[in-house]
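J.: The transmembrane segment annotation in TrEMBL covers 110-128, 140-160, 167-190, 215-235, 256-279, 285-305, 405-427, 447-465, 486-503, 529-555, 567-588, 614-632.
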Amino acid sequence: MFGGSKLEKSIDRRAFKFIFREIRDMGSREIKSPEDMLETPASLEEDGRSRKKLGMFFIESDNRRTAFGRGYTGGTTPVDIHGKPIADLSKTGGWIAALFIFGNEMAERMAYFGLSVNMVAFMFYVMHRPFSSSSNAVNNFLGISQVSSVLGGFLADAYLGRYWTIAIFTTIYLAGLIGITLCASMKIFVPNQDQCDQLSLLLGSCEPAKPWQMLYLYVVLYLTAFGAAGIRPCVSSFGADQFDERSKDYKTLLDRFFNFFYLCVTIGAIVAFTLVVYIQIERGWGAAFGSLAIAMGVSNMLFFAGTPLYRHRLPGGSPLTRVAQVLVAAFKKQHVPFTRSELVGLYELPGRHSAIKGSGKIPHTDDFRCLDKAALQLKEDGGNPSPWRLCTVTQVEEVKILIKLIPIPACTIMLNVILTEFITLSIQQAYTLNTHIGKLKLPVTCMPVFPGLSIFLILCLYYSVFVPVSRRITGHPHGASQLQRVGIGLFISILSVAWGGVFERFRRGYAIKHGYEFSFLTPMPDLSAYWLLIQYCLIGIAEVFSIVGLLEFLYEEAPDAMKSIGSAYAAIAGGLGCFAASIINSIVKSVTRNPENKQRSWLSQNINNAKFDYFYWLLTVLSIINFCFFLYSAHRYKYRTEQTFEAWETKQNILAEDS
């Protein structure tokens, strides 16, 4: 059903070994340049055979031992922090180096979720801001911190490298957290709290924060978001860089790395939803935010302590410039036919190395043929053509790959919408329910910990339960391909939000029947909040499959010199999910509210009079439509290794015809 499955089923083990030997042998040969193998105009006619011939010289790759079918086809030499090749790889990288990187991500996620849970309440109770403006500010923080990840990915791939990007932006993140801690700890940064009781807060009669106080809070809050922009797209890619792609166990190691990576993300979230909330209740806001700053400071020291162990990849120059050059060159030659008499062929550098630092050569494909115009070499281009007029095949293929990747992370935007809605809507539901576990009353703000606990459990059981069972069904050595895992997660997210609608309908009916229609802040003692665990656990399982599969998919499929940009796609999808949730909420409130008929919106503040169940079912319908689009996109997508094999097969057919 998903991309790559037909190819995997069509090749038995003997054929696999044969193909592996052939591709490995090809890696030892050079890609011939147009100067070495000139084509006559007649050979470039627009028939099927000549179209295949147009790309046949760009099939071979760098000398790397990457077996066909194992996913990642990149191949760049790891270097040390000074940019020099590492003589003995056994002394660097691996799981030991990855552990130092895990700590940085765990602390960043702890701070991210800690702020998302506590900042709305801090703005309301301490800064005396309305809930609506507080929620918007925090939603903007969440969205900006993810969408701006493309900036961090660009800097890492273009100039700084992943290590220095993480080092700089994690320091900025720490500075923002320290600023937030000072805001919560020093009276000068907050309005007067005297004579501001619970009733005054509800009536809005407390002294509001001064403009400069809010300005300071917004500056340090968005400084933290800016710091996250450089960490999020680089940490997962930098961790994956620590494993040797020439190892026969590379695919297995990479698969386990991304699962353990997301396990660290989950642990950070669990700590934020439990320990940080407890510190806030017992010790106050300053101690809670201070604990986040301390955790980030410790993780920074651990990250820098692991510097001698890290493997690095050289930045390949500005990826945006290379993309722009392809688009401009293709536009300039848009009217040049493939049959033009002055045509030399597709342009590529001779030898085994590409023109892009930190990248191996990429085989030519027939996708987006209009972009191939950027690599059409004419006699008038001369011997030293401008990159804004003539690009290499590898450079063109980079752009093609970036375009082909877009639909897959775009399909996870809807999943992120559901995750965002659950954070706010399920907490509103929990306020009306009994949150006691025996004699222990769980704070409502701790409820989001349950998706994290379900993720933790699933990741722990993934290799012992899911992989063996799914391997028998799919025949895939790892249980399921990356796209299959993303699809499983999206399907489970539909079940999660559908169950949310069913339970909300029951909860609202129960509240009206038992006289709680206007008491939306009063818990109903006979209705447990732990009915919410079903939707929490389902969305946690969905997140494991979709997000982990997506991260691994983007890392393996992205061009060699654009790994951070590829990882940023996932963060951008998360940020767009936050913004989309706000837009959907605004549209629903506007459309469903009718003051003239005294009709409340589906999302009115009194949840017992609202129609949250209708809203959940609307999300269910949107999720089903999104899932159908994903099935279509995944079915059409071809893994890079699959395209490499097809190109190799094409070359063999042409050589057979010529002989």
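Glycine too: its Cβ is placed from the backbone N, Cα and C atoms.
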J.: Is the count of Cβ pairs under 8 Å between the transmembrane segment (110-128) and the transmembrane segment (614-632), pairs 6 or more apart in sequence, 3 or more?
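T.: Per Cβ check, the transmembrane segment (110-128) does not touch the transmembrane segment (614-632).
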J.: Three or more CB pairs closer than 8 Å, sequence separation of 6 or more: does that hold for the transmembrane segment (256-279) against the transmembrane segment (529-555)?
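T.: Answer yes, regions in contact.
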J.: Would the transmembrane segment (405-427) count as touching the transmembrane segment (486-503), if touching means at least three Cβ pairs under 8 Å and pairs must be 6 or more apart in sequence?
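T.: With 3 or more qualifying Cβ pairs, these stretches touch.
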J.: Can we call the transmembrane segment (167-190) and the transmembrane segment (486-503) in contact, meaning three or more C-beta pairs below 8 angstroms at a sequence separation of 6+?
T.: no
J.: Taking pairs 6 or more apart in sequence, does the count of Cβ pairs under 8 Å between the transmembrane segment (486-503) and the transmembrane segment (567-588) hit 3 or more?
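T.: These two stretches do not touch.
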J.: Would you mind listing the long-range same-chain contacts of the transmembrane segment (614-632), meaning Cβ under 8 Å and 6+ residues beyond its ends?
T.: 1-2, 407-408, 411, 413-415, 417-418, 421, 425, 486-487, 490-491, 493-494, 497-498, 500-501, 504, 584, 588, 592, 602-603
J.: For the transmembrane segment (140-160), could you work out the same-chain residues 6 or more beyond its ends whose Cβ comes under 8 Å from its Cβ atoms?
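T.: Contacts with the transmembrane segment (140-160): 112, 115-116, 119, 168-169, 221-222, 224-226, 228-234, 237, 315-321, 420, 561-568, 571-572, 574-576, 578-579, 582.
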